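Asker: Below is the structure I would like to discuss, written out as structure tokens.
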Amino acid sequence: MGILPCLSRKRIYKHMNPISAHRRFNPHYLFQYGRYVKTSQGVTLLLMDGFVYSKNSKIRNGGLRFACTSRITQRCGAYVHMSKDDVITKVQSDHTHERASYHFTNEGHFVKHRTSYVKTLNGSKLLLFNGYVFSRNAKIRDGGIRFACANRLSRTCHAYVHMSKDDVIIKVHDVHTHEPPSYTFTSDGYFIKTLEPRR
């Protein structure tokens, strides 16, 4: 029994409310869902399938082209074409990188993370999150890990990150009482925290 083309729905969510109409799909297309999100600076982005896109240029008939926000840093050519009625008309979804890590603030603002694990010369594994360094602090439920700010000069800093066993950020308190540290990497890729100059 064959599969016939149908009028399928691609939904774009704006603050969790669908705002798209129908379009005709090729039968082998998968459903894709997206939503508009806004940063604390008021910039509107498109979040779709875990990837983040920003407005790139206008296209015909009043539509917009959204390009992957990693188009420069990761040389990613993924993009989405959106009609003026917020209907997806074209997608190139081959990314050169992993999906974004992000969370939403209490005010509903979208915050994209800059996250990676780093290893020190003595073999310690640290979490580098938005320029700050976190060390393993405790286990949390379901096999996750709590990372606390590794700053030892100020015990008043209570910033932390909760990471699931699958390395997905599930909770963040990123208010620090100090500036991010200075650091460098050795030629072998080891993380070294450098001393701040005396003032």
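Keep in mind that glycine also has a Cβ here, set from the backbone N, Cα and C atoms.
Those TrEMBL annotations? Automatic predictions, nothing curated.
On a predicted model such as this, the values are computed, not experimentally measured, just so you know.
Summarising the annotation, TrEMBL assigns domain 'FLYWCH-type' to 36-97, 117-178.
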Asker: Considering every residue in the domain 'FLYWCH-type' (36-97), what is the mean pLDDT value?
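Answerer: Taking every residue of the domain 'FLYWCH-type' (36-97) together, the mean pLDDT is 88.
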Asker: Work out, from DSSP, the number of helix, strand and coil residues along the domain 'FLYWCH-type' (117-178).
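Answerer: Tallying H, G and I as helix, E and B as strand, the rest coil: 3 helix, 31 strand, 28 coil.
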Asker: Give the residue counts of the domain 'FLYWCH-type' (36-97) per reduced DSSP state, in the order helix, strand, coil.
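Answerer: Per-class counts: 3 helix, 30 strand, 29 coil.
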